[in-house]
Amino acid sequence: MGTLLLHFVVIIVAVNKISCQLGCHPQALLEWNPKKQTVQMNWTLVGNICKNRSDCFGAQEGDGWSRHLSFPQICPLQLQFGDKLLMTADGTLESYGIRILNVSKENFDSCSTDGQENDQFLFPFNINGSAQVGVKWLFPGHHYFIALHEGDTQLCKLGLRLNVSVKMQLCQSSPLLRLCSGNGICQTDLWEGAYHCRCHRNYSGRFCEKFDACLDNPCKNKGVCLSNGSTDPTRKTHKCLCPPHFTGVNCSEVIGKENCERVCDHGTCVQVSSVSYTCMCDTGVNDWNELHWRTRSVLSSHQLLGSSVELVLPLPSCCSRLINQVEVSGCSRAGCPHRPKSMRKE
């Protein structure tokens, strides 16, 4: 009778797996929830079975523990340490009678028990209704469960096996402190073994406790950024040491109107201080946001401000020019339609 019923279950699975397979749709990143959750998991052969690695874990690359898992299996489950896990079985399996066994990864892959079943059953009875999994089975790490019917592992081979990742958070040095010091998000992905801080801009450290305004280098034109470590929004958090010919809070201003006019094609030099200017581009021209100056030997005795320099404009807003044999480059692919004829190479 048992064999006939098992065949009946297999037939139901074969008919329904094609039309009811939904896939797992794993989330790339999960954020730590300070509130403990109750997670309901249903043992069924219809609707949440993944038949290969892509179905189970998506297109993401995994680490060693997941690369050799066998399929089919129930969609993997991720829990926070401290969450409650309730298990049920669908009507067919509940009537048939299944028990859930904790096994090693090797036995999970091979759907075997090694005869060590007595103290590894999650419940001392067949699943009937909702049953809460004991905390002894949900400590941090990977756990592997398979379904048995009267000791037989055939259901496991059909996909009734579940791997569960239980993760703790490593996002605060003390329970009294905010997660990630309030300067980041406590998250995990499919392959991490715990939740870790992903810091907001300009913050670093295990708990995002370090602030550095220079992390993304706000200084333009190869200026050197010096951070004072302050996080007070009313105070200046960094200082830029500007290279020659540049000034301003972020080294984005050119010293001297003559220098600005030499490089500000298709724009107007606007004075921003007693000695510095910035280029305001004409309508329809991309913003001229950065100049790079680098040393270059030139033959002319008429060198810009007495220095041997080359101006390089990476954006197409300022076309190439020769100023006293100092090349200012940055043309778009279309060339420089407004370039004076006398400056064009013959």
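Note: Cβ is positioned from N, Cα and C throughout, glycine not excepted.
Curation plays no part in TrEMBL annotations; they are all automatic predictions.
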Disulfide-bonded cysteine for Cys199 as listed in TrEMBL, from Cys186, Cys208: Cys208
Disulfide-linked residue for Cys197, taking TrEMBL as the record, within Cys180, Cys219: Cys180
Disulphide bridge to Cys251 as given by TrEMBL, partner from Cys242, Cys260: Cys242
Nearest of the disulfide-bonded residues (Cys199, Cys208, Cys242, Cys251) to Cys180 (disulfide bond), judged by Cα-Cα distance: Cys208
Which of Cys180, Cys208, all disulfide-bonded residues, has a Cβ with the fewest other Cβ atoms inside 10 Å: Cys208
Cβ-based isolation winner (fewest other Cβ atoms within 10 Å) among the disulfide-bonded residues Cys197, Cys199: Cys199
Distance check against Cys208 (disulfide bond) for the disulfide-bonded residues Cys197, Cys242, Cys251, keeping those with Cα within 10 Å: Cys197
Residues near Cys242 (disulfide bond) in space but at least six apart in sequence (CB under 8 A): Cys219, Asn221, Gly223, Gly248, Cys251
Summary of DSSP states over the domain 'EGF-like' (210-252), given as helix, strand and coil counts: 0 helix, 12 strand, 31 coil
